[in-house]
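S.K.: Below is the structure I would like to discuss, written out as structure tokens.
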Amino acid sequence: MSLLCRFSMSQLLTKMSLAKIPSEVLNRLKDGTVLVLWGAGSSPEDVQRFSQELSTQQCSRIIVEHFERLILSSHPNSTFDAVLSNLFEPHTAKHSFELLSEIVRIMKTNGLIFGKEKSDRISADLKLAGFCNIIVEPTENSFSAQTPNFEVGSSSRLAFAKPTVWSLSDNLVDDQIELINEDDLLDENDLKKPEAETLRVCGTTGKRKACKDCSCGLAEELEAGQPVKPTTKSATSSCGSCYLGDAFRCASCPYLGMPAFKPGEKIQLSERQLNPDL
């Protein structure tokens, strides 16, 4: 085969490679930085011819990278406008989630990726990696997607609405503001000083509610609806040991149920306590 024939054949193979790329993808390559990814099994000569023909698309820069070297290359963020991936036979490279995440990182906003892969998970992996506007062609085993319109890791301050502050109008003066008289808020009953008997609470419950075995007179007071004043009548002890406590008191002792007290101490009992239960 002559040199001319070999050159024509190489041109034909190259044109067939570009012909497999949609026109809308080729239009995005103009004046852009393009990354060409190829994998194991592909011919380096085919990759070289393809990159040379790709330069006719008026790309500003073309970088060819092997899949296994992409992550190790550590390209800066937002470097490439477009990525052409796994376009060469036999299309054995796999677009793993780790690989797609690296591609998103090094692509610019609204960047375009076009590639080939025989996989049912390519759409899900593209979404998880952060791509949008995903298009998958099962018959052609091809896919295309775009990066979002913001860079990976970018942040934006949320604009919260300012809180509404209530205020009086500046046109109002003090004489025009009607205020409530604080004296009208209280009536005569509110100004009366409560009697000490009405504030008495049960020593067991700590509330103004009599306990089950009330012996202080609070039960009679609540039942009658008015305070029961303790009597000043003194009780006499027949055994002389009432002050020692319930253990030394008889069944009819008027001090039954009360705490122990000192001999000679004045103890006030209610009328009910002075009347023994017969």
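In case you wondered, yes, glycine gets a Cβ from its N, Cα and C as well.
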S.K.: If you look at how TrEMBL annotates this chain, which of 34-37, 158-161, 250-253 comes out as motif 'Cx2C motif 2'?
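M.R.: TrEMBL lists motif 'Cx2C motif 2' for residues 250-253.
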S.K.: Counting Cβ atoms within 10 Å across all protein chains shown, which of the binding-site residues C211, C214, C242, C250, C253 comes out on top?
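M.R.: Counting every other Cβ within 10 Å of each candidate, the maximum falls on C242.
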S.K.: Pop the Cα-Cα gap between C242 ([4Fe-4S] cluster binding site) and C214 ([2Fe-2S] cluster binding site) into the table, whole Å please.
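M.R.: With distance taken Cα to Cα, C242 ([4Fe-4S] cluster binding site) is 19 Å from C214 ([2Fe-2S] cluster binding site).
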S.K.: Along the domain 'Anamorsin N-terminal' (33-134), what average pLDDT does this model show?
M.R.: 89
S.K.: Quick check on the region 'Fe-S binding site B' (239-253): DSSP residue counts for helix, strand, coil, in that order please.
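M.R.: Helix, strand and coil residues of the region 'Fe-S binding site B' (239-253) number 6 helix, 0 strand, 9 coil.
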